Amino acid sequence: MHDATGVASIGWLMIGLPALGAALLLLGGKKLDKAGPYLATLLSWASFVIGLLILLQLRGKSPEDRGMHQHLFDWITTGKFNLSAGLQYDQLSLTFVMLITFVGSLITVYSLGYMEHDPDKRRFFAYLNLFVASMLLLVLADSYTLLFVGWEGVGLASYLLIGFWNWNPAYATAANKAFFLNRIGDMGMLIAMFVMFWAFGKVDFAGVNAGVEHAGKGTMLAIGLALLVAACGKSAQFPLQSWLGDAMAGPTPVSALIHAATMVTAGVYLIVRSHVIFNASEDARLAVCIVGAITLFAGAVIGCAKDDLKKALAASTMSQIGYMVLAAGLGPVGYAFAIFHLLTHGFFKAGMFLGAGSVMHGMNDQVNMRRFGGLWTVMRITWVTFGLGFLAIIGFPGLSGFWSKDKIIEAAFEGSGWKPWVFGLTALIAAGITAFYMSRMFFMTFMGKRRWTEDVHPHESPLTMTIPMMVLAIGSAFLGLILGPTGIITDWLEPVVGKHEGGEHVLGAAPLMVATFVLMVIGVAMAWRMYWRDAVPVAPPVGSPLTQAARRDLGQDDFNQAAIQRPGLHLTRALVFFDNKVVDGVGNGSAAGIGGSSARLKKMQNGFVRTYSLTMLLGVAAILGAVWVVR
Amino acid sequence: MTSPATFTQAHISYAAVVPMLVIFGAAMVGVLVEAFVPRAMRYWTQLGVTFAGLVASFLTLVLISRNNKGITAADAVVIDGPALMLQGTILVLSVLAVMLMAERFDTRSADAFTQSGASVPGSPMETNAVRLGATSTEVFPLVLFSVGGMMLFVAAGDLLVMFIALEVLSLPLYILTGLARRRRLLSQEASLKYFLLGAFSSAFFLFGSALVFGATGSIKFGEIADAVGKVNGRDDILIPGMLLVAVGLLFKIGAVPFHTWTPDVYQGAPSPVSGFMATTVKVAGFGAMLRLFYVALEGLSWNWQPVIAIVAVLTMVVGAVFAVTQTDMKRLLAYSSISHAGFLLVGVVALNKTGLSGTMFYLVAYSFTTLAAFGMVPLVRSAGSEATHLSQWAGLGKTSPILAATFSFLLLGFAGIPLTSGFTAKFALFSGAVGHGATWLVVIAMLMSAVTAFVYIRIIVLMYFSDPTGDTHVLFPSALTGISVTVGALATLVLGVAPAPLLNLAQHSSLFLR
């Protein structure tokens, strides 16, 4: 890889400018209340411009030596372990830079309108800039360690933004949950790095990739699985998915940016970036496929049962990222399509989230779709832009999702044996379910009869909000057509992720396309019957056991509680603590605070020395006994 | 008839041991100050003597001892890389801890300590003592004696010197623990408990030393190491002896199941003393343990590694799980320190140079963060006393943004978030341990650090996302606490961003002499 020249030599400014913005806005105080948000927006766009110039610079070179590397500083230098912090500009990272800065900047513009009346908006824009900076660091980093810094940075920003309206305790809990499940993912990341360090003595991409061919299968599998755990945490994949639905507590632009378009796709980036490792371990790839397939199916089922507009979109995000993870797990055949779907999804899902925000803006922040209906008459722009996103995601021929998702389904059918059938059919059937739940969402919100509550007066949102929606809608419509059938995206990414020679399919491309189309039509038709033609009841019907399970997120939380919380954490006792704090915390607190109340202190101090010394003695006996037995 | 044993005078390299002599000398001066200087002047005089002693000791360490490494005083004292590195760490931490102990707020004597330890709280005797201007300055010489003991502990060359150093460092701590001004009963109970259990563990240590001597014929680490490979058939004495010695050390660092005293003592002791114990004593205890296992007992690693590994697992799990259920800040920090001790034991089990340097780096990083955290506890008050119940910390993000932000940063450091020292330290420690038979330990350590992360994040949530309870207020600290906490927090940041110099130092220092 070459040293960075030209515009790329100031590429670090892409990260530096938004980081500076975040610092200025956080430290600047009330003086920046007015100008701050505009400054944040400007800096975000500046990053986009630099990214675009670097992209053009890369395009001017021959495909093989497009990658550039920039050394920033020596981070950890000790005897045999040297780690420098550097940035890497190649086709993959630049693709992400474009998505992050473009969608991110659009959403910052949208937030100017959406958060206009929020007293704390300076803080909000500071967090947005912090997020953009961290996310760019994540994708531009040249080592797993530096990537991890960005990885934690986006986690922190996401956490701060989910809990932004922290006056609501439930929101704070949601933020907490997101953070905790992400920590489990981070653990995977750390273990992966430790194993890399042990096996290769290096944790930078170039060093690890160079070492892979000499490493054993077991090592590769261990690293691959640990990376998969990391990806599951960040990308809300099974079994660490349950935080995403709750994360919808954050302001809607946040859901669009972080929990749809960018941060949650970091896991996909991680897998594709580590493709050398995954190429070397078929078992690790299989695990990735299984996780992706389970998530894409579960997300689709959950999406069918949610009445909360944002939570339904969140379930859909989970499902779509499941598609990307599945594609990444398929190996060289799928890497490029995973990234391609990630791009198109970034546009249409962000667009729909912004549309949802616009609907909420007009409907007094309601999210219950059963109280929507017929909104197309009053919110024309939102209706059209959301509609384009909707058509794109269900894979309507010609629109973006059609080009990217169908490619993944097609790739899943490649190969021989049981795998293509299982993964292919899962992806195919879930596409039908996707058509159903997305149509359900669209029809319940915009079509059919008005079921509004009495106090709402829906209206179209201001231009700062609708323009970004229009731009994203254009992307939803045409991005796939521009990049997909022309082969631009696959050719562009080929030097990074490797070339794939077409293989055997268990099912041909033409029958697949027909099958996908038929399933989509069936899905839409069923939704039309139930949610447009027939009246939608305002109160949710009891529903089948499956519906009920899906409403409870297919028992995600129950699962977490049984598998993570209860045994490991004694969380029940922690909850008792929270109860105490809320209910009688004040009483307890002051009692404990007064030093003189010795009776109470004695009660707290019920550990007797004799018990303690007995514990020690038993410990000694156990140690000596164990050694005696072993010998 | 046996010939009379010839007595050869031990040669002492004063250049190597001068830092310890300075500390003990300063402690003696402190005792004299307590006896002869008028009460009104004692606070500043003692402070001056203590800081002068600590700084002078550090300077002699860097300027003189560093160039005079070696085994001296008839093999009783070993001044080598690890000893110097850990002695220096102990001295720097002690300066910061003394600053915390000297905090007076707006009163006339150190705020954390009672002026009349023997009297019943609130009794006429105490009132009388305060009226007569009784001081609490005896804590400073006590601290110096303890520091001297710790410095000898990490440099001990044989089992007896190690035992003596253990007692020298422990006895002042027992007294310091009982000197809290507020919640005196809790403090005195903790002191007695610590003393009784400490005596109990010392007995194990001593008995173990006797068994090791019986098996190898020597108490010197170098000779024990040589003998381990040669003596046959005495393993039945040697191995229990080795494990009993280890128990004495495991007690000091608060490893499970010898940890029971930790939460009670940290809670009862004055907060700056808890901070002092949680950091310097841990540094000293791990220094001694590393020397014992890496020098004297390396040849027996097949026997002790599994035991220490299981103790490490227990320590990590108990520390993390119990931290979740704590409602008292000081007890929570105590359990947090227990879980960190578990992480550190992973480095001990690794038994290689990277493990050694990683452990030392982790000790430094952890200590700065911990000391700053304990330094902030006394600032949060309720009804004139420290507000240590977690519910009293609710909403501090709104009422005291600087305190809450600093404390949150320290907690993120504990949790091991990148760009804090906690991350680089975990990285240095665990990357050295992976692949040296300790990989499974690292996996458990990562799991448990996820659990402890939950604990720390919960406090941040409490401070930022809950409403203040009303009766909690935050004192404005003097420059002493201010500097100490700032240094701790800055170290947490700097060691996260630019850890290279200290990592290099740890790596260059990771060679034991024997």
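The backbone N, Cα and C atoms fix where each Cβ goes, glycine too.
Automatic, uncurated: that is what TrEMBL annotation is.
Under the heading transmembrane segment, TrEMBL lists B:12-37, B:44-64, B:84-102, B:162-180, B:192-217, B:237-261, B:273-294, B:306-325, B:332-351, B:363-380, B:440-462, B:474-498 (among others). For B:156-450, the entry in TrEMBL reads domain 'NADH:quinone oxidoreductase/Mrp antiporter transmembrane'.
Counted as Cβ pairs under 8 Å, contacts with the transmembrane segment (B:273-294) are highest for B:363-380 among B:192-217, B:306-325, B:332-351, B:363-380. By the Cβ criterion (under 8 Å, sequence separation of 6 or more), the transmembrane segment (B:440-462) is not in contact with the transmembrane segment (B:44-64), since fewer than 3 such pairs are found. Comparing B:162-180, B:237-261, B:474-498 for CB pairs under 8 angstroms to the transmembrane segment (B:363-380), the maximum falls on B:474-498. The list of residues near the transmembrane segment (B:474-498) in space but at least 6 beyond its ends in sequence, with Cβ under 8 angstroms from a Cβ of it, reads 96-97, 99-100, 102-105, 364-365, 368-369, 371-373, 375-376, 378-381, 396, 399-400, 403, 406, 409-410, 413, 418-425. Note on the transmembrane segment (B:162-180): residues 112-114, 117, 136, 139, 142-143, 145-150, 152-153, 156, 186-188, 190-192, 194-195, 198, 202, 205-206, 209, 248, 252, 265, 268-270, 273, 276-277, 281, 284, 288, 292 of its chain, located 6 or more positions outside it, place their CB under 8 angstroms from a CB of the stretch.
Residues 253-256, 259, 262-263, 265-267, 274, 278, 282, 286, 289-290, 293-294, 298, 301, 305, 308-309, 311-320, 322-323, 326, 358-359, 362-363, 366, 370, 373-374, 377, 390, 414, 426, 429-430, 432-433, 436-438, 441-442, 445, 448-449, 452, 455-456, 459 of the same chain sit 6 or more residues outside the transmembrane segment (B:332-351) yet have a Cβ under 8 Å from a Cβ within it. Beyond its flanks by at least six residues, the transmembrane segment (B:237-261) meets 159, 166, 170, 193-194, 197-198, 201-202, 204-216, 228, 231, 281-282, 284-286, 288-289, 292-293, 297, 300, 303-304, 307-308, 311-312, 314-315, 317-319, 334, 337-338, 341-342, 344-345 of its own chain at Cβ-Cβ distances under 8 Å.
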